[in-house]
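This report concerns only the one structure given below.
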Ligand SMILES: NC(=O)C1=CN([C@@H]2O[C@H](COP(=O)(O)OP(=O)(O)OC[C@H]3O[C@@H](n4cnc5c(N)ncnc54)[C@H](OP(=O)(O)O)[C@@H]3O)[C@@H](O)[C@H]2O)[C@@H](O)CC1
Ligand SMILES: [K+]
């Protein structure tokens with residue numbers, strides 16, 4: 001399923017109208033009807049006892065909500081009030097026409113034009129047990145203030161079941177950030193497909209359940225570049241094992257990492273790799289730190305190195321490398337190691353402190369390198385010499401531009417994780433907030449490492465890797481709860497996840 005920018009969505013609206021020979025009013029009519037039907041499918045509403053308030057803005061999102069209102073009215077829903085928020089001079093043509101149609105049907109319409117109306121607004125909302133809001137859609141272009149702020153605040157104070165049209169009002173369509181305040185919906189009915197703002201940053205905390213409605217948008221000349229990853233997209237990428245195989249067929253993988261106080265990180269990566277199917281999994285650790293290791297997992301080999309020759313020896317027969325978990329930033333040796341790794345033809349996943357060394361060696365990256373980097377927003381900001389706030393504002397461009405510039409895959413971790421391969425972006429949105437816990441990233445690194453070692457293409461290793469990580473994380477959250485789950489719990493549920501995925 002593709003993910004659109006707001007600009008692309010608007011262009012497709014226009015294109016569809018032109019190609020089908022319909023007006024944007026007619027397209028709004030289709031949207032309104034589909035939204036109305038979707039509401040009734042999702043929520044049982046009694047025409048006599050339920051109290052519905054529909055809150056409309058002056059733009060076309062409001063227009064959609066007014067069409068919905070008309071359908072309720074025509075189907076004899078008795079307790080229906082409509083509140084129009086904003087200056088009537090700003091009504092779009094389509095919204096103006098739909099308002100007129102409601103007036104002709106004697107709908108109960110109220111106007112929230114200034115602060116004086118707030119008390120009445122509160123009263124109306126208090127009575128409602130269902131709110132449908134179309135204050136702002138993807139046309140939101142600045143912070144929410146004044147009566148708009150009050151309108152949204154009122155909705156959030158009420159206990160009514162809240163339905164947002166296209167996107168909860170106050171969420172920015174292109175980055176999912178809250179513009180001062182945003183509706184907290186129970187259900188969001190998204191028109192045509194996900195827009196970027198339906199997925200990133202604050203989106204998940206405001207949308208509630210998401211439903212998509214098809215309004216017949218035409219995409220015949222549109223080449224999508226952004227996609228939402230779904231379970232079906234990764235299902236066939238992992239094959240059943242053949243009998244006539246041995247451990248080297250599943251890859252011998254190596255995690256390079258560990259330093260004082262951070263020995264758990266490479267262990268989690270190496271162990272997650274084993275649980276994800278690697279034939280052999282080793283840790284390369286600087287000899288100085290050897291005494292700090294307590295070998296908790298007997299299946300993992302520990303390979304100390306002191307000099308370059310010893311390190312080269314360890315690399316033999318390895319299929320893939322993870323560079324960075326718990327590596328620290330105190331020594332220069334990792335520079336030499338990474339410099340060497342960039343010269344040999346091995347897939348490599350770079351995470352955590354490894355990214356700090358990688359930044360210094362960016363000029364040595366070659367097109368033929370198979371590199372995956374797995375930064376979170378803070379690490380992406382470090383790589384781009386900017387702030388996390390800037391990355392939040394436009395994570396898609398940050399990941400895309402970095403991937404394009406260095407011909408590497410950027411797996412940018414967040415509430416929705418992005419995987420950028422040049423100009424193509426995959427959104428992955430299945431995890432849960434319990435996964436924001438120490439070592440969770442090391443586990444992801446280990447899973448991706450394992451899949452690279454099993455010779456999946458780097459892009460597929462990322463797609464499958466984030467999916468295994470989140471699905472295992474969701475199982476961990478189910479049993480341990482989001483507060484208590486820890487990174488090793490995610491590893492614990494990799495087996496169950498893989499059993500489901502490879503059938
Ligand atoms: N064919 C169609 O037309 C179809 C349309 N569709 C629907 O249209 C929606 C997009 O509609 P839209 O572009 O009219 O903008 P919308 O989201 O309603 O915003 C309203 C206006 O508010 C203003 N404004 C912005 N920020 C503000 C702020 N902070 N505080 C105060 N005012 C602010 C700004 O106007 P401005 O003041 O900048 O002139 C903006 O234009 C889309 O989400 C979908 O629901 C679909 O049904 C498909 C068919
Ligand atoms: K809305």
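Cβ atoms are placed via backbone N, Cα and C, with glycine included.
Taken from TrEMBL, the feature (6S)-NADPHX binding site applies to 60-64, 137-143, 148, 166, 265, 326, 376, 442. Around residue 61 (K(+) binding site), taking its Cβ as the centre, 27 other Cβ atoms fall within 10 Å, counting all chains.
TrEMBL lists 61, 169 with the feature K(+) binding site.
Residues or ranges marked as AMP binding site in TrEMBL: 413, 414, 415, 416, 417, 441. Here the Cβ of residue 416 (AMP binding site) has 24 other Cβ atoms within 10 Å, regardless of which shown protein chain they belong to.
Per TrEMBL, the feature domain 'YjeF N-terminal' maps to 9-223.
TrEMBL lists 230-501 with the feature domain 'YjeF C-terminal'.
Taking Cβ pairs closer than 8 Å, the transmembrane segment (250-274) reaches residues 241, 280-286, 289, 292-294, 296-297, 299-300, 303, 314-315, 317-328, 330-331, 334, 337, 351-354, 439, 442-447, 449-450, 452-455, 487-488, 490-491, 494 in its own chain, all 6 or more past its ends. Residues or ranges marked as transmembrane segment by TrEMBL: 250-274.
Listed in sequence order, the residues of the same chain lying 6 or more apart from residue 63 ((6S)-NADPHX binding site) and placing their CB within less than 8 Å of its CB are 28, 32, 56, 92, 94, 95, 98, 134. In space, 441 is the closest of the binding-site residues 61, 413, 414, 417, 441 to residue 326 ((6S)-NADPHX binding site), judged by Cα positions. For the binding-site residues 169, 415, the greatest number of Cβ atoms within 10 Å around a candidate Cβ is found at 169.
A distance of 21 Å separates the Cα atom of residue 415 (AMP binding site) from that of residue 138 ((6S)-NADPHX binding site). For ligand 2, none of the binding-site residues lies close by, meaning a CB under 6 A from one of its atoms; the full candidate list was 63, 138, 141, 326, 413, 414.
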